[in-house]
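Engineer: Handing you this structure, nothing more for now.
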């Protein structure tokens, strides 16, 4: 019969065998026999089994040099570690709620009548991908350079992919934690999606919104005809970020809402100038001015009567015609500010 002191000496001697970098000695290639590498996901349970036979007098499971169980006696203070079986043929333990710090080598050590023998198994802990740091939503001016960051953790290390979610079909994919955009354009605004993938679980996906500011551009401003006594409506549509503010002028006079039978309504990209009862004096050239913090632009629009000769082109085709008038209007705007 073995004295307890002998067992202590045995375990201490066995522990010396597991110095990092030193191969584990094993007297018999088939005894004891532990499992191959065990792979589990973070949060799951891991079962470590060791096959033994009736030659075994003492058994123990160790994590590196720390004894977890010696026979039925628990040495570990970790309540997640429990013994499953201690029979003549198998000695196994279970680790509940496995975490990344549980990863590493585990050793089944046995004492026979002759000498200690060991067998090792490596526990691999897989961790689902998780994005741990990502850029906040950002607003920049057109032409600026932008860097978006998306840092992810997981085991195996996840692959990080950036994708532009564009409704115009101009989306692109970049496989890197950092996405760099040089000279950003208004078409590159919108949501950017970061995905972290490692095949352990579903990808972790998060989004960043990129807003690109740009000066106003008048996209629609058409001449309009109306008879005396009828309603006439001039429309001016401008694209801009931030949204443009509109002003209306006749020649060099700024029009005020509600005066002289006109109403000015501006909502989003569209501004309208409405004449409720058109008179002869209302006919003529009007200028729509769209302004935001990055700049301004203007378009000339004509309200004409029946039979009048007019240019029905859009705002772009009439830009040169309004140049002199715009110089006058700009001077007036500067005085107003």
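Glycine residues also receive a Cβ, built from the backbone N, Cα and C atoms like all the rest.
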Engineer: Looking at N-linked glycosylation site as annotated by Swiss-Prot, pick the matching residue from 37, 285.
Structural biologist: 285
Engineer: For the domain 'Ig-like C2-type 1' (32-119), provide the mean pLDDT of the predicted model.
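Structural biologist: Result for the domain 'Ig-like C2-type 1' (32-119): average pLDDT 91.
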Engineer: Could you give the Cα-Cα distance between residue 288 (disulfide bond) and residue 50 (disulfide bond), in whole Å?
Structural biologist: 85
Engineer: Relative to the Cα of residue 150 (disulfide bond), which of the recorded positions 50, 133, 236 have a Cα no more than 10 Å away?
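Structural biologist: Those close enough are 133.
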Engineer: Using only C-alpha positions, which one of 133, 277, 285, 298 is spatially nearest residue 108 (disulfide bond)? These are the glycosylation sites in the record.
Structural biologist: 133
Engineer: Highest Cβ count within 10 Å among the glycosylation sites 133, 277, 285: which residue is it?
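Structural biologist: Of the glycosylation sites 133, 277, 285, the most buried by Cβ count within 10 Å is 285.
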